[in-house]
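Notes for the one structure printed next.
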Amino acid sequence: MPASQPRSRARDRNNVLNRAEFLSLNQPLKGNQESRSSGRKQSGQAGVAGAQNTNPKERRQSQQLPEEDCMQLNPSFKGIAFNSLLAIDICMSKRLGVCASRASSWGGARSMINLLGITGHGIPWIAGTLICLVKSSTLAGQEVLMNLLLALLLDIMIVAGLQKLAKRKGPYDINPGLLDYLTMDTYAFPAGHASRVAMLSKFFLNHLVLAIPLRILLVLWALCVGFSRVMIGRHHITDVLSGFVFGYLQFRLVELIWMSSNTCQMLISIW
């Protein structure tokens, strides 16, 4: 036993791992372990505190972001057809905007196209209807004029409401004119001029006795005013076509709520 103790001591001395520079390999320092564990605990606590401080909306958004950002690799047929028609509409409307500026191919006819568009504005029609109503002396004439005034006011309100909902811009960056602001015709869809001339032409064809040439001229005037808005660069083709449809629907609405002669006389007496 006494001889074996010096041998074990000599073996421990000769062992390289027992040197001071290699002690960290055999016995890791407790301070490092404690610092690492405390750092992990602090980071975990900070993460929990940050998760508690975040709002529920932010958590929902962070959970929804991967789903919202993912690409739709298999779009529906309706979506493809709608996007294709929309692209064709924009392309054709830009091509037909030949009077959008002075530098356009038909820039010299811009003033004439603007003059044609004024014939479809709501303010001149409302002013003219009021003047005719004051000068009218027959009950039948006053009845027709009062219902025409109602139709014009309904057209302005309905088109302004639809444009505020859609908020579609025109094919070219053209600022609306003064009369457009007065009638709240500041957006593209639907075209206010197209709905107004469609409603007026249908109204006159139903309630005025006109010869066939005048009827044809009335329809041609409505078509020219509508598509002049595409040439001037203010509306797309679909805006004008939808304006024609809304104009016809407005005429049908006025026919449903048609004011009788007695109602018109009562309103005139109040006014």
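Start at 1 and count along the chain as shown; that gives each residue its number.
Glycine residues also receive a Cβ, built from the backbone N, Cα and C atoms like all the rest.
Features of the protein shown, as given by TrEMBL:
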COMPBIAS  24-55  compositional bias 'Polar residues'
DOMAIN    143-255  domain 'Phosphatidic acid phosphatase type 2/haloperoxidase'
REGION    1-66  region 'Disordered'
TRANSMEM  112-138  transmembrane segment
TRANSMEM  144-162  transmembrane segment
TRANSMEM  203-228  transmembrane segment
Remote residues contacting the transmembrane segment (112-138) - C-beta distance under 8 A, at least 6 residues beyond either end: 99, 145-146, 148-149, 152-153, 155-156, 179-180, 182-183, 185, 192-194, 196-197, 200, 221, 224-226, 228-229, 231-232, 268
Apart from its near flanks, which chain residues at least 6 from the ends of the transmembrane segment (144-162) lie with a Cβ under 8 angstroms of it? 122, 125-126, 129-130, 132-133, 136, 183-185, 189-190, 192, 195-196, 199-200, 203, 207, 243, 246-247, 250-251, 253-254, 257-259, 264, 267-268
Within the domain 'Phosphatidic acid phosphatase type 2/haloperoxidase' (143-255), how many residues are helix, strand or coil going by DSSP? 84 helix, 0 strand, 29 coil
